[in-house]
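Undergrad: Got a structure for you, written out below as C-alpha coordinates; questions coming shortly.
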(Lines of atoms letter the chains of each structure in order from A and count residues from 1; the text may use other names and numbers.)
(Lines give C-alpha, C1' and ligand atoms only; values in the text may rest on other atoms or scores of the structure.)
Protein backbone atom coordinates (compact mmCIF):
# COMPACT_ATOMS: atom_id res chain seq x y z
CA UNK A 1 0.00 0.00 0.00
CA UNK A 2 1.06 3.61 -0.47
CA UNK A 3 2.95 5.50 2.19
CA UNK A 4 1.00 7.57 4.69
CA UNK A 5 1.98 10.80 6.41
CA UNK A 6 3.10 8.80 9.47
CA UNK A 7 5.64 6.89 7.37
CA UNK A 8 7.64 10.06 6.79
CA UNK A 9 7.57 11.87 10.11
CA UNK A 10 9.03 15.36 10.09
CA UNK A 11 12.08 16.18 12.17
CA UNK A 12 11.51 17.66 15.63
CA UNK A 13 10.33 21.27 15.63
CA UNK A 14 13.17 23.67 14.87
CA UNK A 15 12.97 27.40 14.43
CA UNK A 16 14.97 29.74 12.24
CA UNK A 17 17.48 31.71 14.27
CA UNK A 18 15.67 34.83 13.02
CA UNK A 19 12.13 33.68 13.74
CA UNK A 20 11.23 32.40 17.16
CA UNK A 21 7.52 31.99 18.02
CA UNK A 22 7.52 35.34 19.85
CA UNK A 23 9.19 37.08 16.91
CA UNK A 24 6.58 35.69 14.52
CA UNK A 25 3.68 36.72 16.73
CA UNK A 26 5.08 40.26 16.85
CA UNK A 27 4.73 40.56 13.06
CA UNK A 28 0.93 40.79 13.22
CA UNK A 29 -0.73 43.14 15.71
CA UNK A 30 -4.45 42.63 15.15
CA UNK A 31 -5.43 44.69 18.19
CA UNK A 32 -3.73 47.81 16.83
CA UNK A 33 -4.06 47.06 13.11
CA UNK A 34 -0.38 46.81 12.21
CA UNK A 35 1.43 44.42 9.86
CA UNK A 36 5.20 44.03 9.58
CA UNK A 37 6.13 44.26 5.88
CA UNK A 38 8.62 41.40 6.23
CA UNK A 39 5.74 38.90 6.14
CA UNK A 40 5.64 39.47 2.37
CA UNK A 41 9.33 39.25 1.52
CA UNK A 42 11.39 37.27 4.03
CA UNK A 43 12.88 34.02 2.70
CA UNK A 44 13.13 32.34 6.11
CA UNK A 45 9.47 33.10 6.82
CA UNK A 46 8.52 31.65 3.47
CA UNK A 47 10.35 28.40 4.15
CA UNK A 48 8.49 28.14 7.43
CA UNK A 49 5.20 28.84 5.60
CA UNK A 50 5.73 25.80 3.40
CA UNK A 51 5.93 23.64 6.51
CA UNK A 52 3.56 25.34 8.94
CA UNK A 53 0.86 26.74 6.60
CA UNK A 54 0.93 24.68 3.41
CA UNK A 55 1.95 21.50 5.19
CA UNK A 56 -1.02 21.66 7.59
CA UNK A 57 -3.89 23.47 5.83
CA UNK A 58 -6.69 22.09 3.67
CA UNK A 59 -5.74 23.20 0.15
CA UNK A 60 -8.20 23.36 -2.76
CA UNK A 61 -6.83 21.35 -5.70
CA UNK A 62 -9.68 21.35 -8.18
CA UNK A 63 -13.24 20.25 -8.82
CA UNK A 64 -14.69 16.76 -8.97
CA UNK A 65 -15.75 17.35 -12.58
CA UNK A 66 -12.10 17.79 -13.57
CA UNK A 67 -11.68 14.02 -13.12
CA UNK A 68 -15.10 12.42 -13.80
CA UNK A 69 -13.99 8.94 -14.97
CA UNK A 70 -11.99 6.13 -13.35
CA UNK A 71 -8.32 6.79 -14.03
CA UNK A 72 -8.80 10.48 -14.80
CA UNK A 73 -6.04 12.49 -13.18
CA UNK A 74 -4.91 16.07 -12.71
CA UNK A 75 -1.42 17.10 -11.66
CA UNK A 76 -1.27 20.11 -9.39
CA UNK A 77 0.49 21.39 -6.25
CA UNK A 78 0.17 21.58 -2.49
CA UNK A 79 2.39 24.53 -1.68
CA UNK A 80 5.44 23.76 -3.81
CA UNK A 81 4.98 19.99 -3.59
CA UNK A 82 3.73 18.47 -6.88
CA UNK A 83 0.80 16.07 -6.44
CA UNK A 84 -1.44 13.83 -8.54
CA UNK A 85 -5.22 13.89 -8.01
CA UNK A 86 -6.79 10.67 -9.37
CA UNK A 87 -10.31 9.23 -9.66
CA UNK A 88 -10.34 5.70 -8.20
CA UNK A 89 -12.22 2.55 -9.19
CA UNK A 90 -14.67 3.05 -6.32
CA UNK A 91 -15.26 6.68 -7.48
CA UNK A 92 -13.31 8.09 -4.54
CA UNK A 93 -10.42 10.49 -5.11
CA UNK A 94 -6.82 10.03 -4.03
CA UNK A 95 -4.07 12.62 -3.90
CA UNK A 96 -0.43 11.62 -3.59
CA UNK A 97 2.98 13.20 -3.97
CA UNK A 98 4.15 13.29 -7.57
CA UNK A 99 7.53 11.87 -6.63
CA UNK A 100 9.00 8.47 -7.40
CA UNK A 101 10.32 6.81 -4.26
CA UNK A 102 13.48 5.59 -6.01
CA UNK A 103 15.37 8.82 -6.75
CA UNK A 104 12.67 11.43 -6.38
CA UNK A 105 11.82 11.98 -10.05
CA UNK A 106 8.43 13.43 -10.94
CA UNK A 107 6.21 10.42 -11.72
CA UNK A 108 3.78 12.21 -14.06
CA UNK A 109 4.89 15.14 -16.21
CA UNK A 110 1.65 15.88 -18.08
CA UNK A 111 -1.05 18.27 -16.84
CA UNK A 112 -3.74 15.59 -16.80
CA UNK A 113 -5.41 12.78 -18.68
CA UNK A 114 -6.54 9.20 -18.10
CA UNK A 115 -4.29 6.34 -17.06
CA UNK A 116 -4.30 2.76 -15.79
CA UNK A 117 -0.86 3.21 -14.23
CA UNK A 118 1.92 5.78 -13.90
CA UNK A 119 5.51 4.95 -14.87
CA UNK A 120 8.50 7.02 -13.84
CA UNK A 121 10.59 7.95 -16.90
CA UNK A 122 13.90 7.67 -15.03
CA UNK A 123 14.15 4.00 -13.99
CA UNK A 124 10.71 2.69 -14.90
CA UNK A 125 9.16 2.20 -11.48
CA UNK A 126 5.41 1.87 -12.05
CA UNK A 127 2.51 2.80 -9.76
CA UNK A 128 -1.18 2.02 -10.06
CA UNK A 129 -3.79 4.78 -9.90
CA UNK A 130 -4.04 4.38 -6.12
CA UNK A 131 -0.34 5.11 -5.76
CA UNK A 132 0.79 1.57 -5.02
CA UNK A 133 4.17 0.55 -6.40
CA UNK A 134 3.34 -2.39 -8.70
CA UNK A 135 6.39 -2.95 -10.88
CA UNK A 136 10.15 -2.50 -10.50
CA UNK A 137 12.37 -3.41 -13.47
CA UNK A 138 14.84 -6.19 -12.64
CA UNK A 139 13.37 -6.43 -9.17
CA UNK A 140 14.63 -9.94 -8.44
CA UNK A 141 18.08 -9.37 -9.87
CA UNK A 142 18.56 -5.95 -8.26
CA UNK A 143 17.15 -6.57 -4.80
CA UNK A 144 17.70 -10.29 -4.15
CA UNK A 145 20.68 -12.55 -4.02
CA UNK A 146 18.75 -14.90 -6.36
CA UNK A 147 18.14 -17.31 -3.50
CA UNK A 148 14.75 -18.15 -2.14
CA UNK A 149 13.49 -16.08 0.76
CA UNK A 150 13.16 -12.48 1.84
CA UNK A 151 14.73 -9.97 -0.51
CA UNK A 152 14.61 -7.17 2.03
CA UNK A 153 12.52 -5.14 -0.40
CA UNK A 154 8.73 -4.91 -0.23
CA UNK A 155 7.00 -2.84 -2.91
CA UNK A 156 4.20 -2.10 -0.44
CA UNK A 157 6.63 0.09 1.51
CA UNK A 158 7.57 2.31 -1.42
CA UNK A 159 4.47 4.04 -2.70
CA UNK A 160 4.39 7.86 -2.84
CA UNK A 161 3.27 9.86 0.17
CA UNK A 162 -0.54 10.03 0.39
CA UNK A 163 -2.48 13.12 1.43
CA UNK A 164 -5.82 13.21 3.19
CA UNK A 165 -8.65 14.04 0.77
CA UNK A 166 -12.09 15.48 1.47
CA UNK A 167 -14.58 17.29 -0.74
CA UNK A 168 -16.98 20.12 -0.10
CA UNK A 169 -19.85 20.45 -2.57
CA UNK A 170 -17.71 19.58 -5.57
CA UNK A 171 -14.43 21.19 -4.51
CA UNK A 172 -11.56 18.80 -3.77
CA UNK A 173 -9.32 19.62 -0.80
CA UNK A 174 -6.22 17.81 0.46
CA UNK A 175 -4.09 18.03 3.61
CA UNK A 176 -0.75 16.45 4.50
CA UNK A 177 -1.25 16.61 8.26
CA UNK A 178 -2.86 13.56 9.95
CA UNK A 179 -3.53 15.64 13.07
CA UNK A 180 -5.38 18.48 11.33
CA UNK A 181 -9.15 18.78 11.92
CA UNK A 182 -11.53 17.41 9.29
CA UNK A 183 -12.46 19.71 6.42
CA UNK A 184 -15.84 20.88 7.72
CA UNK A 185 -14.34 21.74 11.11
CA UNK A 186 -11.55 23.58 9.30
CA UNK A 187 -14.06 25.59 7.24
CA UNK A 188 -15.66 26.71 10.49
CA UNK A 189 -18.62 29.07 10.05
CA UNK A 190 -17.56 30.07 6.52
CA UNK A 191 -19.59 27.34 4.80
CA UNK A 192 -22.82 29.32 4.23
CA UNK A 193 -20.81 32.01 2.44
CA UNK A 194 -19.24 29.34 0.22
CA UNK A 195 -22.69 27.91 -0.50
CA UNK A 196 -23.70 31.16 -2.22
CA UNK A 197 -21.76 29.82 -5.21
CA UNK A 198 -21.54 26.08 -4.52
CA UNK A 199 -25.07 25.08 -3.49
CA UNK A 200 -27.52 27.04 -5.63
CA UNK A 201 -29.10 23.94 -7.14
CA UNK A 202 -29.47 20.24 -6.37
CA UNK A 203 -27.47 19.55 -9.56
CA UNK A 204 -24.39 21.11 -7.98
CA UNK A 205 -21.67 22.84 -9.96
CA UNK A 206 -19.33 21.97 -12.80
CA UNK A 207 -16.01 23.37 -13.94
CA UNK A 208 -15.91 24.70 -17.50
CA UNK A 209 -13.30 26.15 -19.83
CA UNK A 210 -10.21 24.37 -18.53
CA UNK A 211 -7.70 25.69 -16.01
CA UNK A 212 -5.87 28.90 -16.85
CA UNK A 213 -2.41 29.33 -15.33
CA UNK A 214 -0.13 32.34 -15.06
CA UNK A 215 2.62 33.69 -12.84
CA UNK A 216 2.56 36.98 -10.92
CA UNK A 217 5.77 38.23 -9.27
CA UNK A 218 4.19 38.97 -5.90
CA UNK A 219 3.68 37.33 -2.52
CA UNK A 220 0.71 34.97 -2.31
CA UNK A 221 -0.76 36.79 0.70
CA UNK A 222 -1.51 39.96 -1.28
CA UNK A 223 -3.82 37.99 -3.56
CA UNK A 224 -5.40 35.92 -0.80
CA UNK A 225 -6.04 39.00 1.35
CA UNK A 226 -7.66 40.99 -1.44
CA UNK A 227 -10.23 38.27 -2.08
CA UNK A 228 -10.68 37.78 1.66
CA UNK A 229 -11.25 41.37 2.73
CA UNK A 230 -10.64 44.10 0.17
CA UNK A 231 -13.73 45.62 -1.43
CA UNK A 232 -12.01 48.96 -0.80
CA UNK A 233 -9.89 48.81 -3.97
CA UNK A 234 -12.94 48.13 -6.14
CA UNK A 235 -14.70 51.18 -4.75
CA UNK A 236 -11.80 53.57 -5.28
CA UNK A 237 -9.25 53.65 -8.12
CA UNK A 238 -8.22 50.16 -9.22
CA UNK A 239 -10.96 49.08 -11.60
CA UNK A 240 -12.46 52.23 -13.16
CA UNK A 241 -11.39 51.33 -16.71
CA UNK A 242 -12.67 47.77 -16.37
CA UNK A 243 -15.99 48.94 -14.97
CA UNK A 244 -16.43 51.36 -17.87
CA UNK A 245 -15.58 48.67 -20.44
CA UNK A 246 -18.20 46.31 -19.01
CA UNK A 247 -21.14 48.70 -18.98
CA UNK A 248 -23.93 48.37 -21.56
CA UNK A 249 -23.50 50.86 -24.44
CA UNK A 250 -26.28 53.09 -23.19
CA UNK A 251 -24.60 53.64 -19.79
CA UNK A 252 -21.51 55.51 -18.61
CA UNK A 253 -19.62 55.94 -15.32
CA UNK A 254 -21.85 58.80 -14.20
CA UNK A 255 -24.67 56.25 -13.89
CA UNK A 256 -22.63 53.89 -11.71
CA UNK A 257 -22.15 54.74 -8.05
CA UNK A 258 -20.65 51.88 -6.08
CA UNK A 259 -22.55 51.19 -2.93
CA UNK A 260 -21.50 52.24 0.54
CA UNK A 261 -23.89 49.67 1.96
CA UNK A 262 -22.38 46.28 2.63
CA UNK A 263 -20.62 43.97 5.03
CA UNK A 264 -17.66 41.69 5.37
CA UNK A 265 -17.38 38.43 7.27
CA UNK A 266 -14.55 37.16 9.48
CA UNK A 267 -14.67 33.48 10.35
CA UNK A 268 -14.68 32.49 14.01
CA UNK A 269 -11.60 30.35 13.33
CA UNK A 270 -9.41 29.61 10.36
CA UNK A 271 -8.63 32.95 8.71
CA UNK A 272 -11.43 32.76 6.13
CA UNK A 273 -13.21 35.92 5.02
CA UNK A 274 -15.72 37.43 2.60
CA UNK A 275 -17.31 40.74 1.66
CA UNK A 276 -20.33 41.94 -0.33
CA UNK A 277 -22.58 44.86 -1.17
CA UNK A 278 -26.24 44.85 -0.12
CA UNK A 279 -29.14 45.53 -2.50
CA UNK A 280 -26.98 47.08 -5.21
CA UNK A 281 -26.31 45.16 -8.41
CA UNK A 282 -24.20 47.86 -10.08
CA UNK A 283 -20.85 46.16 -9.46
CA UNK A 284 -22.09 42.82 -10.80
CA UNK A 285 -23.66 44.53 -13.81
CA UNK A 286 -20.45 46.39 -14.61
CA UNK A 287 -18.30 43.25 -14.39
CA UNK A 288 -20.36 40.51 -16.06
CA UNK A 289 -23.15 42.41 -17.81
CA UNK A 290 -26.95 42.20 -17.72
CA UNK A 291 -27.42 38.56 -18.82
CA UNK A 292 -25.53 36.99 -15.93
CA UNK A 293 -26.71 39.63 -13.46
CA UNK A 294 -30.32 38.77 -14.24
CA UNK A 295 -29.68 35.01 -14.01
CA UNK A 296 -27.85 35.38 -10.69
CA UNK A 297 -30.30 37.74 -9.00
CA UNK A 298 -33.75 37.21 -10.55
CA UNK A 299 -35.99 34.43 -11.78
CA UNK A 300 -36.34 30.71 -10.98
CA UNK A 301 -32.63 29.89 -10.59
CA UNK A 302 -32.06 32.74 -8.15
CA UNK A 303 -35.20 31.92 -6.19
CA UNK A 304 -34.16 28.26 -5.90
CA UNK A 305 -30.73 29.34 -4.67
CA UNK A 306 -32.32 31.49 -1.99
CA UNK A 307 -34.32 28.51 -0.74
CA UNK A 308 -31.26 26.26 -0.68
CA UNK A 309 -29.13 28.70 1.33
CA UNK A 310 -31.59 29.87 3.99
CA UNK A 311 -28.85 31.03 6.37
CA UNK A 312 -28.17 34.06 4.17
CA UNK A 313 -30.36 36.61 2.34
CA UNK A 314 -28.44 35.84 -0.84
CA UNK A 315 -30.77 37.79 -3.13
CA UNK A 316 -29.59 40.90 -1.29
CA UNK A 317 -25.86 40.08 -1.72
CA UNK A 318 -23.93 41.44 -4.72
CA UNK A 319 -20.30 41.40 -5.78
CA UNK A 320 -19.21 38.90 -3.15
CA UNK A 321 -15.54 38.06 -2.77
CA UNK A 322 -14.12 35.29 -0.56
CA UNK A 323 -10.97 33.44 0.49
CA UNK A 324 -10.81 30.09 2.25
CA UNK A 325 -7.46 30.26 4.03
CA UNK A 326 -4.85 30.05 2.82
CA UNK A 327 -5.16 30.10 -0.97
CA UNK A 328 -8.64 29.25 -2.28
CA UNK A 329 -10.34 32.42 -3.55
CA UNK A 330 -13.50 33.02 -5.57
CA UNK A 331 -16.09 35.58 -6.67
CA UNK A 332 -19.71 34.35 -6.51
CA UNK A 333 -21.75 35.81 -9.35
CA UNK A 334 -18.64 36.19 -11.49
CA UNK A 335 -17.76 32.58 -10.68
CA UNK A 336 -14.02 32.63 -11.08
CA UNK A 337 -12.30 30.38 -8.54
CA UNK A 338 -8.59 29.96 -8.12
CA UNK A 339 -5.73 28.62 -6.04
CA UNK A 340 -2.70 30.80 -5.37
CA UNK A 341 0.28 28.40 -5.57
CA UNK A 342 3.31 29.96 -3.81
CA UNK A 343 6.59 30.08 -5.70
CA UNK A 344 8.91 31.68 -3.16
CA UNK A 345 8.24 34.87 -1.19
CA UNK A 346 8.19 36.98 -4.36
CA UNK A 347 6.07 34.95 -6.78
CA UNK A 348 2.72 33.20 -7.05
CA UNK A 349 1.35 30.90 -9.74
CA UNK A 350 -2.38 31.37 -10.31
CA UNK A 351 -4.56 28.41 -11.34
CA UNK A 352 -8.06 29.65 -12.17
CA UNK A 353 -11.20 28.09 -13.58
CA UNK A 354 -14.88 28.92 -13.95
CA UNK A 355 -17.66 27.23 -11.97
CA UNK A 356 -21.28 27.22 -13.13
CA UNK A 357 -24.52 25.68 -11.94
CA UNK A 358 -24.53 22.24 -13.54
CA UNK A 359 -28.14 22.64 -14.69
CA UNK A 360 -27.78 26.21 -15.97
CA UNK A 361 -28.84 26.79 -19.60
CA UNK A 362 -25.98 26.35 -22.06
CA UNK A 363 -26.11 29.98 -23.13
CA UNK A 364 -25.66 31.05 -19.49
CA UNK A 365 -22.66 28.73 -19.07
CA UNK A 366 -21.12 30.16 -22.22
CA UNK A 367 -21.75 33.72 -21.02
CA UNK A 368 -19.95 32.98 -17.74
CA UNK A 369 -17.01 31.57 -19.71
CA UNK A 370 -16.78 34.55 -22.04
CA UNK A 371 -17.17 37.15 -19.30
CA UNK A 372 -14.42 35.49 -17.27
CA UNK A 373 -12.10 35.58 -20.27
CA UNK A 374 -12.80 39.31 -20.52
CA UNK A 375 -12.44 40.11 -16.83
CA UNK A 376 -10.71 37.56 -14.59
CA UNK A 377 -8.12 35.53 -16.48
CA UNK A 378 -4.48 36.15 -17.36
CA UNK A 379 -5.42 38.91 -19.81
CA UNK A 380 -8.64 40.05 -18.14
CA UNK A 381 -9.18 43.75 -17.55
CA UNK A 382 -9.74 43.39 -13.80
CA UNK A 383 -7.06 40.75 -13.35
CA UNK A 384 -4.51 43.06 -14.99
CA UNK A 385 -5.40 45.87 -12.60
CA UNK A 386 -4.96 43.67 -9.55
CA UNK A 387 -1.75 42.09 -10.77
CA UNK A 388 -0.15 45.44 -11.58
CA UNK A 389 -0.73 46.65 -8.03
CA UNK A 390 0.62 43.47 -6.43
CA UNK A 391 3.70 43.40 -8.69
CA UNK A 392 4.61 47.00 -7.93
CA UNK A 393 4.21 46.41 -4.18
CA UNK A 394 6.60 43.46 -4.40
CA UNK A 395 9.14 45.55 -6.30
CA UNK A 396 9.03 48.14 -3.54
CA UNK A 397 9.58 45.36 -0.98
CA UNK A 398 13.07 44.73 -2.40
CA UNK A 399 14.33 47.74 -0.47
CA UNK A 400 15.75 47.44 3.03
CA UNK A 401 13.70 50.33 4.38
CA UNK A 402 10.54 49.20 2.59
CA UNK A 403 10.76 45.79 4.27
CA UNK A 404 11.32 47.51 7.61
CA UNK A 405 8.06 49.45 7.64
CA UNK A 406 4.85 48.83 9.51
CA UNK A 407 1.74 48.70 7.30
CA UNK A 408 -1.70 49.95 8.32
CA UNK A 409 -4.60 47.52 8.74
CA UNK A 410 -6.76 49.71 10.97
CA UNK A 411 -9.88 50.16 8.82
CA UNK A 412 -12.95 49.54 10.94
CA UNK A 413 -10.90 48.97 14.09
CA UNK A 414 -12.23 51.99 15.98
CA UNK A 415 -15.59 52.22 14.24
CA UNK A 416 -18.69 51.35 16.29
CA UNK A 417 -19.74 47.73 15.83
CA UNK A 418 -21.19 47.22 12.36
CA UNK A 419 -22.25 43.62 12.97
CA UNK A 420 -25.27 42.83 10.79
CA UNK A 421 -27.64 40.31 12.40
CA UNK A 422 -28.99 39.30 8.98
CA UNK A 423 -25.67 37.58 8.25
CA UNK A 424 -24.28 34.77 10.43
CA UNK A 425 -20.92 35.01 12.16
CA UNK A 426 -18.82 38.06 12.90
CA UNK A 427 -19.48 40.80 10.36
CA UNK A 428 -18.21 44.33 9.91
CA UNK A 429 -18.60 47.24 7.49
CA UNK A 430 -17.79 46.38 3.87
CA UNK A 431 -14.91 48.90 3.78
CA UNK A 432 -13.32 47.60 6.98
CA UNK A 433 -10.35 45.26 7.34
CA UNK A 434 -11.80 42.89 9.91
CA UNK A 435 -11.46 39.85 7.65
CA UNK A 436 -7.88 40.79 6.77
CA UNK A 437 -6.96 41.05 10.43
CA UNK A 438 -8.53 37.63 10.93
CA UNK A 439 -6.55 36.15 8.06
CA UNK A 440 -3.21 37.48 9.29
CA UNK A 441 -3.95 36.54 12.89
CA UNK A 442 -4.58 32.96 11.81
CA UNK A 443 -1.44 33.02 9.66
CA UNK A 444 0.52 34.14 12.72
CA UNK A 445 -0.94 31.34 14.82
CA UNK A 446 -0.17 28.66 12.24
CA UNK A 447 3.37 29.96 11.91
CA UNK A 448 4.06 30.15 15.66
CA UNK A 449 2.08 27.20 17.08
CA UNK A 450 3.46 23.83 15.93
CA UNK A 451 0.86 21.73 17.78
CA UNK A 452 -2.82 21.31 16.99
CA UNK A 453 -3.36 21.00 20.75
CA UNK A 454 -3.33 24.80 20.92
CA UNK A 455 -4.18 25.66 17.33
CA UNK A 456 -7.34 23.60 16.80
CA UNK A 457 -10.77 25.30 16.96
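Cβ atoms are placed via backbone N, Cα and C, with glycine included.
These figures come from a predicted structure and were not determined experimentally.
Pulled from Swiss-Prot, these are the listed features:
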- 58-174: domain 'Rieske' (DOMAIN)
- 100, 102, 120, 123: [2Fe-2S] cluster binding site (BINDING)
- 233, 239: Fe cation binding site (BINDING)
Undergrad: Under a three-state reading of DSSP, tell me whether residue 120 ([2Fe-2S] cluster binding site) is helix, strand or coil.
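TA: For residue 120 ([2Fe-2S] cluster binding site) - judged by DSSP and reduced to three states - the answer is coil.
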Undergrad: For the [2Fe-2S] cluster site (100, 102, 120, 123), what does the 8 A shell look like? I mean other same-chain residues with CB within 8 A of the CB centroid.
TA: 101, 103, 105, 107, 122, 124, 125
Undergrad: Rounded to a whole angstrom, what is the C-alpha distance between residue 102 ([2Fe-2S] cluster binding site) and residue 233 (Fe cation binding site)?
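TA: Distance between the two Cα atoms comes out at 49 Å.
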Undergrad: Fewest other Cβ atoms within 10 Å: which of the binding-site residues 100, 120 wins that one? Let me know.
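TA: Taking 100, 120 as the binding-site residues, the minimal 10 Å Cβ count falls on 120.
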Undergrad: Average the per-residue pLDDT over the domain 'Rieske' (58-174) and send me the rounded value.
TA: 95
Undergrad: Expressed to the nearest Å, what is the distance separating residue 120 ([2Fe-2S] cluster binding site) and residue 233 (Fe cation binding site) at their Cα atoms?
TA: 47
